[in-house]
């Protein structure tokens, strides 16, 4: 019973930390606030994590592992490589839509100095399987003229934009429809010759995205929010 209670408290602390770190930043979030949000006493956090730095490292690694698992679970060697890549994209998007706060945390802190290199390189937190799929697609002539960096940018970057829109209530289309359009858009954009279903319905897809003045305001709002977080990081103390 005590073990179960301990796991519940640990999970509550990590869930509270995800939300607070994502909205306030690392430096501006005191451990007392995390404990209060998790519904535990002030000293309880340090029974599970020696420091706030250890907490954010553990949090980042756990989310990275979950995403890695999503990638690995979608790969079935008996299916064509192009289907595997699309299935991985689909599986990752399902995970992200089911875990928007964790997704935004992961995006925000992937390049943050608050995450140690040890946590970023922890075993089991690398997308090696996706790299292997890319190499197979290139060697078999499925992907031509697409370098690895462009492939990864096409695979990952639109996902985070969609989750931002979903989190801020700006996604107008059905989630399943959005996922399928995103998969089709990625694949047909990189390998139109191999796109079995033809080009995606780009007109419908683009109606989900802010455009013109709306896009400018959307981008400006997020930049202002990011600048305020960085100011808080510099001015706040625990």
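Positions of Cβ are set from backbone N, Cα and C atoms, glycine also.
Not measured: the values here are computed from a predicted model.
For the ranges 10-29, 30-49, the feature annotated in TrEMBL as DNA-binding region maps to 30-49. In the domain 'HTH tetR-type' (7-67), helix, strand and coil residues by DSSP number 46 helix, 0 strand, 15 coil.
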